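Asker: Below are the structure tokens for one structure; questions will follow.
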Amino acid sequence: MTDILIDDTATEAVRTLIRAFPLVPVSQPPEQGSYLLAEHDTVSLRLVGEKSNVIVDFTSGAAQYRRTKGGGELIAKAVNHTAHPTVWDATAGLGRDSFVLASLGLTVTAFEQHPAVACLLSDGIRRALLNPETQDTAARINLHFGNAAEQMPALVKTQGKPDIVYLDPMYPERRKSAAVKKEMAYFHRLVGEAQDEVVLLHTARQTAKKRVVVKRPRLGEHLAGQAPAYQYTGKSTRFDVYLPYGADKG
């Protein structure tokens, strides 16, 4: 479990949020490794010995640029956003793709199994809901804390199948800025091993009504060694599309 240092400046909203996750409150930073810091109105991920931190902020930086200047055209095609599909993001992480999908007007159910990452994402969504420019988009994201492969079958029984299951399993980041590389290094160190790819893809294909969309590096291997039905390829990223079991290609 992840340590969290709660500063005296932490707001009541932040204190309430972090109680929803199995984190270990500490009175001082650990001697090594990563930990969460709750201060003022934000939860951040820190690495002992480093000055920089990681927060989920949908109101500025790259998220703001993609929201105001466009972006996400390839992912929009991959999920066929003009059909207004429901999307379950089974590997939400820090929520970037969930936010892009929600900014396209889609309703997104996001799953994150790591308590610290889920806490960071929940905090980012909470703050986005308070910003007039992002509140409508953030309201379309429903975060579930837990393992998607375990939770999706039960959720299907109560909500029905989603049109799309979206997967973005961890892979080595290449040709990224120094800041992005450092952020991903923090993230990978915190999360450790990725989910079982075979189980994840199998469950996704059982769950999706129309398609499973998998984000990969342009030259990366197929997820779980399984070839997709078709692909959407960009300069550095591609989206592999798998059909649900029993579906015809098309």
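Yeah, the Cβs are placed from backbone N, Cα and C, and that goes for glycine too.
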Asker: Among Asp7, Asp8, Asp168, which residue shares the S-adenosyl-L-methionine site with Arg96, Asp97 according to Swiss-Prot?
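Answerer: Candidate in the recorded S-adenosyl-L-methionine site: Asp168.
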Asker: Using the Cβ centroid of Arg96, Asp97, Asp168 as the reference point for the S-adenosyl-L-methionine site, which residues of the same chain not in that list have Cβ within 8 Å?
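Answerer: Near the S-adenosyl-L-methionine site, beyond Arg96, Asp97, Asp168, sit Asp89, Thr91, Ala92, Gly93, Leu94, Gly95, Ser98, Val100, Tyr166, Lys215.
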Asker: Among all chains shown, work out which of the binding-site residues Arg96, Asp97 has the most CB atoms within 10 A of its CB.
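Answerer: Per the Cβ count within 10 Å, the most buried is Asp97.
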